[in-house]
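Listed features, source Swiss-Prot:
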- Thr15: phosphothreonine (MOD_RES)
- Thr15: N-acetylthreonine (MOD_RES)
- 69-93: transmembrane segment (TRANSMEM)
- 134-155: transmembrane segment (TRANSMEM)
- 178-200: transmembrane segment (TRANSMEM)
- 255-275: transmembrane segment (TRANSMEM)
- 291-312: transmembrane segment (TRANSMEM)
- Glu367: [CaMn4O5] cluster binding site (BINDING)
- 447-471: transmembrane segment (TRANSMEM)
Amino acid sequence: MKTLYSLRRFYPVETLFNGTLTLAGRDQETTGFAWWAGNARLINLSGKLLGAHVAHAGLIVFWAGAMNLFEVAHFVPEKPMYEQGLILLPHLATLGWGVGPGGEIVDTFPYFVSGVLHLISSAVLGFGGIYHALIGPETLEESFPFFGYVWKDRNKMTTILGIHLILLGVGAFLLVFKALYFGGIYDTWAPGGGDVRKITNLTLNPSTIFGYLLKSPFGGEGWIVSVDNLEDLIGGHVWLGSICIFGGIWHILTKPFAWARRAFVWSGEAYLSYSLAALSVFGFIACCFVWFNNTAYPSEFYGPTGPEASQAQAFTFLVRDQRLGASVGSAQGPTGLGKYLMRSPTGEIIFGGETMRFWDLRAPWLEPLRGPNGLDLSKLKKDIQPWQERRSAEYMTHAPLGSLNSVGGVATEINAVNYVSPRSWLATSHFVLGFFFFVGHLWHAGRARAAAAGFEKGIDRDFEPVLSMTPLN
């Protein structure tokens, strides 16, 4: 029977330039992988693979700490965060650290502490990574059976899955505890333009929480991305954290059922492909969340969403022209529709002009001016507050668009500030990374399935011309 990890299938064309650079158990002859194949050389060396993973975690945490301190060093409190190219400080501010009413940054010391803590953590992880990569045991199965594993051991693999799920659940509950007990988090919907508050009235009703999953992803429905209040958001984390923890305990205590043993491929490369698929889904969801959602990603820190900037422009000019004597309720625009206000097909009063396509935007600076049937004309005439005018004028000139001409009616040139919105950065990067992770999933899933089926696509390595050529060195 052909073994799953036959080295034959791996022999690459390349030969090593310098044989002295190799380490036993990590060279081409013993693993079937050349040095540039990275961690693939460590598939069957659990101790060394542990070192690679811990070192990788150290690099990630080092980036977080160093970038955090870099952003703190460059931060100017007088300017909004989204004008300064920051992507880490907005996350810390959203968690309620260093923020006052209206999203004003009142204290940067918590951000400094965060950066230093991450740097110290990265040093610990870096040391652990180097230790396990160079000094620690090559395999863990003999000395530390709890941490050892064989890729084909289905029971052990689901136990490891369970441990990971419990850790994810604990992470979800960390946010819950911060929101409930440790100072609260920033709520962009707090009266008067946003503030930090403790969440006291969690939404735990399953029909509300799981109702988000049943929503359409299109239009005003918006699937889970449509969450617009912190009670639902934190309640969702309670549910998700509980499901992850109980699911983790389940996977630790049980063995995979027969249907699961048959359905999945049980190899290291298969697990890699499953993980890449999960990360891809996370990336796509994060992309949509940061682009469309101004509750989880408050506009005070990340800048306005596209629809928000467009509606802000309509509002800003309505305010200006109303002061100059325009009758905003009846003025006609160039197309014969309302210039400032019009009715949606279902009868709500909405902003007129190109921004009509964004009529279902909800934003904290606009909602107080709505009545039971859309925008309230009497409120628009009498109740507009200075903070709403300031905020909409600011958002109008900071659309998350990279265009030289008008898009969705937003002035993106001449009157606008030349900047790239963190929403643009974060949405684009997560979409691109999500896409590449999906391609990686397809690639590794295909290889894993082919190996499990006992065949490989490709040329027969025994008859390659390079094997008869003189080695380069």
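Cβ atoms here come from the backbone N, Cα and C positions, even for glycine.
Ranked by number of Cβ pairs under 8 Å to the transmembrane segment (69-93), the listed stretches 134-155, 178-200, 255-275, 291-312 are led by 291-312. Same-chain neighbours of the transmembrane segment (255-275): 4-5, 43, 151-152, 154-155, 157-158, 440-445, 447-449, 451-452, counting only residues six or more beyond its ends whose CB sits under 8 Å from a CB of the stretch.
Look at the residue listed as '[CaMn4O5] cluster binding site': DSSP puts it in a helix.
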